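Below is one structure, written out as structure tokens, with a few remarks after it.
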Amino acid sequence: MSRARSGLAVALRLQLRTGWKVLAAWVVGLVGTYAATVAAIDTTYGTPEQLATYGATVGADPTMAAINGTPYGADTLGGVVSNEFGFISAIAIPLMGLLLVTRSTRAPEETGMLELLRSRSVSARAPWTAALLVTGGALVLVALGMLATLLAYDVDAADAALYAASIAGLGAVFAGIATLAGQLLRRAAGVTAVGVLVLGIAYVARAAGDVKDTGWRWLSPLAWQQETRPFADDARVWPLLLALGVAATLVAAGLVLVGRRDLGSALVAGRPGPARAGRFLSSLPGLALRQHGAGLVSWTVGAAVVGGVFGVFTDDIDDVVEANPDVQQLMSAGGGDAATWYVAYCLVLVLLMAVGAGVQVVTRVRREETGGRLETTLSRAVPRAGWLGTHAAVAVLGAMAVALAGGAGLGVAVTASGGDVDTLTATVEYLPAVAAVPALGVGLFGALPRGTSLVWAAFGYVAVVELIGEALSMPDWALDLSPFHAIGRLPGDDASGQAVAVVSTVVVVLLAVGLLGLRRRDVPR
Amino acid sequence: MTAPIVNIQGLEKTFGSFRALDGLDLRLDPGEVRGFLGPNGAGKSTTIRVLLGLMRPSGGEVRLFGEDPWKHAVRLHRHLTYVPGDVALWPGLTGGQCIDVLGASGAPLDPARRTELVDRFDLDHTKRVRDYSKGNRQKVALVAAFAAQADLLVLDEPTSGLDPLMEEVFRECVAERAADGATVLLSSHILSEVEALCSTVTIVRHGKVVRDGSVAELRNLARTTVHAVTRGPAPELRDDDGVADLVVEPSVEPGGSGDGADVTFTVEPAHLDRVLKPLVDGGLAALTVRPPSLDELFLSEYDAGPDRDDAADAADRPGAAGEADR
């Protein structure tokens, strides 16, 4: 409020006022999922003996090392939980830091809202500082929620505090990346893309480092979180300090740069483009591909790379499993051999990327309406069903293309590393499941446009079921709400033909609901 | 008489409990240039959206080229072009690409006119939309609209954000398209623009038409201001029913007899001859007669009307001000 604080209070209040729902969703969603995981693990591995078994089997399972990270201290409740929760925390926490900073800084700057705010006595840094404080506060709340959960289950307070702090530190690094990238790029989408790219590289580097046990992992902020080893005997604080130091450096660099640049400007300036649109761009599919193409290509390449990198580890997985009879026994209990089990898990990962790509297309379609462009489009001789049909096709077929690229990348790498698992057939059998969540988005857009963003909740649900549904001991019907789970664990199991048929029908119905809904409703709504 | 291009009768549109349109009538005959006026939140944009088939009417009859726009939007849109008040374009495309994309469906673009208009509007059409100011986005939509070979132009506050020079170009373009025989519906807040371009106007308030007619007719409804200086004593005007706002002051006219007067009043145009005679008889030294300005007329229509009480109710309701409610 005072001038001396250069409008920081104004910016803070505004961000809390306009963003509290999003903040609450992140904090409650993450703490809730974490608490559910702790409860489920505590039920399944209730005694020290059971925990020790976990450590000797799952803990030594290289599949886990690749996907969730090296499970340090996996003979304690905290260690087992941080391993089971490892994939979710590795994706969700960085995204939280990245997205929360961007939505209150570059995004309003891009749309011009910051200009109005800055015309009051609010300094250039104030919105960024406020966003960092809000994001930091939300990360601390997540950490406190995790700490409280662990304390409620009698986990050692120091260990639990180190774990919670390392999680907050991981988020801080990506908040820092958003702060620095936010000075260099003009578009919020560009900042997010850079952050996601860094996250992808960090994930692969951490996985490669964990499977091959190399120093590569130290390039990865994810490893800095993991390597505090909070629940192991050799717990240490310095990797956390490394994370916090890097975060502070990134934030400082960003805050210095923001004081030196013009509002709305960036290092990369806009450049002129063609004065005429060709025949293709002027067509419905052409414009739709232009809008979604870059995103879909990035997802396709990303899925192929992730599939490829994880596929290469198949060989190592086999070696380690052969050397460890306990793990071997665990694997065969799940059905099939270790390599197949591992490949099936990796396939789910790339397929979730494909679903995410499709969902992203659908949310962009909704933005055509909220941004006012749909009104302009439909005031021309463009049929509603044709327009939405085109975009829905891009969403569904695009997601399928990402899935096939990821499945193919995985398959090629598995074969190259001496494995014999057919990922491509499995991917094709999963295609209706890949289409399901984007199709739900299309249905919502047509019938309940203001609820379109609920499609992210559906995506989150499917991801939780696929990644930790079994660990959470969810009931079968809840698991089968995920179309992937309903079809079966592929490759390995046989796909349920009945489930494939049901999921396909649901997809068609949802798409029809979307098309008919848009034809019947007001635009804009 | 030819069939109307636009014929709206008793149009109603409700959003939840809010009545945006309450029995609105609007008619455009071929070749007509009609001004569409009203305060913010009066329902102008909603009317246009219903007319374009973007929104479904809650009641009443809407005919565009004699057909139902909700059912036949795509076919009917081939004959019209629309400029929204808040032009939203694709941020990644250039202005030139947007013009072509907009022209690719709907009324066909005349390539020669396109080139000419880009030049006249001084538009840098190689710039990306996200780098444009509001005025430049508006220009993109205007070039696309005026280059289209459309029978009907629907313009919703099309000059917001334009500089006076471009505003002039806009007026020329509307006049040219009107001369070609196109029908124009021009929603605007700039009264001089409406006065210069439109032959007829419709004024709406709270979803209803409060005035409808030719600009000349409306002008006749408004009062003419008369300012006169007489050499002799001021004539007795009070008795005359047509006179109002009368102010009489002693004249300071040099060379006057000393009992002259300085008289200002307003009068209905129909009574003008009756009041001028006594003034002339009183020894007229100076006379100014100012015709009613449309501004005065519109402001009085915006401000007060037959349904003043309803107006107060509507203003209390939430959402009453949300015309462009997205």
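Glycine is treated like the rest: Cβ placed from N, Cα and C.
Predicted automatically and left uncurated, TrEMBL annotations should be read as such.
Straight from TrEMBL, the features:
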| type | residues | note |
| --- | --- | --- |
| TRANSMEM | A:20-41 | transmembrane segment |
| TRANSMEM | A:85-105 | transmembrane segment |
| TRANSMEM | A:126-148 | transmembrane segment |
| TRANSMEM | A:160-181 | transmembrane segment |
| TRANSMEM | A:188-209 | transmembrane segment |
| TRANSMEM | A:237-258 | transmembrane segment |
| TRANSMEM | A:293-313 | transmembrane segment |
| TRANSMEM | A:342-365 | transmembrane segment |
| TRANSMEM | A:386-410 | transmembrane segment |
| TRANSMEM | A:430-448 | transmembrane segment |
| TRANSMEM | A:455-475 | transmembrane segment |
| TRANSMEM | A:495-518 | transmembrane segment |
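Counting Cβ pairs closer than 8 Å and at least 6 residues apart in sequence, the transmembrane segment (A:126-148) and the transmembrane segment (A:386-410) reach fewer than three and form no contact. When Cβ-Cβ distances below 8 Å are used as the criterion, the transmembrane segment (A:430-448) is approached by residues 347, 351, 354-355, 358-359, 361-363, 365-366, 388, 392, 395-396, 399-400, 403-404, 454-455, 458-459, 462, 482-484, 486-487, 490, 495, 500, 503-504, 506-507, 509-511, 513-518, 521 of the same chain, each at least six residues removed from its ends. Between the transmembrane segment (A:160-181) and the transmembrane segment (A:386-410), the number of CB pairs under 8 angstroms, six or more residues apart, is fewer than three, so the stretches are not in contact. In this chain, the transmembrane segment (A:386-410) lies apart from the transmembrane segment (A:188-209): fewer than three C-beta pairs between them fall below 8 angstroms, excluding pairs fewer than 6 positions apart. Among the recorded stretches A:20-41, A:293-313, A:342-365, A:455-475, the one sharing the largest number of Cβ pairs closer than 8 Å with the transmembrane segment (A:188-209) is A:293-313.
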